[in-house]
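In what follows, a structure is listed as C-alpha cells, so that the remarks can point back to it.
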C-alpha cells in the first residue's frame with residue numbers, strides 16, 4: 001500500500017543525468033498530451049490561476065486525491081483539480097471558486113506521477129463515460145477509499161476498526177447495462193456511442209472496453225445495421241443489457257420505425273445472439289421475434305428478471321459481494337421480521353428471505369413491485385410481503401415501520417433515505433444495513449441515525465463503477481449500548 005502513495009521520484013531529485021532529463025521530458029509531454037484532451041466543466045468564472053502564493057510559477061502541487069478522484073492541494077486555499085495526480089506540480093485554470101475552495105482543471109504538468117498511465121480506451125479524452133483512466137486502477141481505489149474513510153471519520157466521528165476493505169470486481173469489462181446516445185440526423189452517417197463530457201455531441205464507438213461482451217462488440221455492427229434508413233432519425237437512444245442467459249438491444253423510438261430497419265436490426269442481433277426490444281414514446285415494450293426474458297443470477301440460487309427500464313446493479317461481481325456482505329451484517333434468522341426499503345426487483349430481498357426471515361419489501365415503482373412479486377413466486381419464495389409505497393411520504397413511511405421490525409436494509413437512489421431514517425430512529429430496529437450510491441447523502445442520513453441512538457459498527461466502499469467518479473458504499477448500524 002505504501003508505494004501507492006509515494007510521489008514521483010523524478011520530482012524528488014535535484015540532479016539528473018542527461019538521459020534522465022530526456023525521459024522526464026518525454027513523460028511530461030505524454031502527461032500534458034493527456035490533460036490537453038481531458039474533459040472539464042466550463043464556467044464563465046474561468047480565469048488563469050494567479051495568487052500571491054504562487055504568482056511566480058502559476059502552479060500548485062497535488063498531495064492526494066479526493067473520493068471522486070480529483071487532485072487535492074491543501075493550504076490556505078484548498079484546490080480540487082480535475083486530471084491531476086498526487087506528486088504532480090500542475091499549471092491550472094480555475095473553473096469556480098467559493099470562499100477558500102477552488103475547483104480547477106489541469107493545463108499542464110511538470111513531472112508526471114509514477115501513477116499516471118495511458119488510457120486504455122482510444123476515445124477517453126473525448127468520451128464522457130469514464131473520468132479516471134489516466135491513473136493506475138489500484139492506486140485510484142486506494143486513494144479514494146482512504147479519502148472517503150477520512151471524510152466519514154471527520155463528519156461522523158466513527159471509531160477505529162469501523163472501515164472495512166473495499167469490495168472489488170473485474171476491470172475493465174464490468175458493465176452489463178448501458179444507454180447509447182445516437183445522432184442520426186444524417187441516416188447515412190450515424191453516430192452511436194456515449195456523449196462527450198458536458199456536451200450533447202456523440203462520440204462514435206465501435207466497441208467499449210468497459211462493457212461486457214457481447215454488448216461491447218455489438219456497437220459497431222448495430223450502427224452499421226441502422227445506417228441508410230430514414231426512420232433512424234426517430235430513435236431517441238438505445239440500451240444494451242446483458243443477462244446471464246441472453247442480451248438485449250432496446251430501441252427507444254418517438255415515431256414508428258420502418259419495417260426494413262427493424263428486420264435488418266433483428267437479423268444483426270440474431271447473428272450475435274441478441275434479442276431486440278422496441279420501446280415506443282409511451283414506454284410500451286414490444287419484442288421483435290421470440291425474444292426471451294432476461295435472467296440475472298445473484299446468490300444462493302436467487303435471480304431477478306429485469307425489464308428494459310428497471311434499475312439493476314450494473315456490476316455483477318461487485319453486486320454479489322455486496323449481497324453476501326449484507327447477509328453477513330444483517331445475519332437474518334428464521335422468523336425475524338426484516339424490512340427491505342427501496343427493494344427494486346428483490347436484489348437483496350430474495351437472498352434475505354432464503355434465510356427464513358419474514359421480509360417486507362417496499363418499493364416506490366409499482367411496475368417493479370409486480371415483477372418482483374411474480375419473480376419471487378416463480379422461485380418458490382413465499383415469505384415476502386411486497387408493497388408499493390411513496391417512499392418520501394412521512395406518514396406512510398412511519399405507518400409502515402410501526403408494524404415493528406427486527407432489522408432493516410436500505411438501498412436508496414442518489415437522493416438518499418432521509419424520510420425513512422427519521423422514521424427509523426422512532427421505530428428502533430436493532431440492526432440497519434445502508435447501501436448507498438452517494439456518499440454525500442449517506443453522510444447526511446447517517447447523522448440522523450447516529451443522533452437517534454445508533455452507532456456505525458462497520459462501513460466500507462464497493463467499487464461498483466471503476467474508472468468513474470462514482471463510488472458505492474455500505475454501512476452497518478446497531479443500537480448504541482446504554
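Cβ coordinates are placed from backbone N, Cα and C, and glycine is handled just like the others.
What Swiss-Prot records for this protein:
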REGION    1-33  region 'Disordered'
COMPBIAS  15-28  compositional bias 'Low complexity'
DOMAIN    51-108  domain 'TRAM'
BINDING   121, 127, 130, 208  [4Fe-4S] cluster binding site
BINDING   313, 342, 347, 363, 390, 411  S-adenosyl-L-methionine binding site
ACT_SITE  437  active site, nucleophile
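Features per Swiss-Prot, on structure.
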{"residue": "121", "record": "[4Fe-4S] cluster binding site", "Cβ contacts under 8 Å, 6 or more apart": "127, 130, 133, 208, 209, 210"}
{"residue": "313", "record": "S-adenosyl-L-methionine binding site", "Cβ contacts under 8 Å, 6 or more apart": "319, 322, 347, 464"}
{"residue": "342", "record": "S-adenosyl-L-methionine binding site", "Cβ contacts under 8 Å, 6 or more apart": "362, 363, 364, 391, 410, 411, 412, 413, 417"}
{"residue": "390", "record": "S-adenosyl-L-methionine binding site", "Cβ contacts under 8 Å, 6 or more apart": "364, 396"}
{"residue": "437", "record": "active site, nucleophile", "Cβ contacts under 8 Å, 6 or more apart": "413, 414, 464, 470, 472"}
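For residue 130 ([4Fe-4S] cluster binding site), the Cβ neighbour count at a 10 Å cut-off comes to 24, with all displayed protein chains included. Mean pLDDT for the domain 'TRAM' (51-108) in the predicted structure: 87. Counting every protein chain shown, the Cβ of residue 411 (S-adenosyl-L-methionine binding site) has 23 other Cβ atoms within 10 Å.
Across the domain 'TRAM' (51-108), DSSP helix (H, G, I), strand (E, B) and coil residues number 3 helix, 31 strand, 24 coil. Residue environment of residue 347 (S-adenosyl-L-methionine binding site) contains 26 other Cβ atoms, counted within 10 Å of its Cβ in all protein chains.
Within 10 Å of the C-beta of residue 208 ([4Fe-4S] cluster binding site) we count 26 further C-beta atoms, all protein chains included. Sequence-ordered, the extra residues of this chain that approach the [4Fe-4S] cluster site, with Cβ no more than 8 Å from the Cβ center of 121, 127, 130, 208, are 123, 124, 129, 133, 194, 205, 209, 210, 467.
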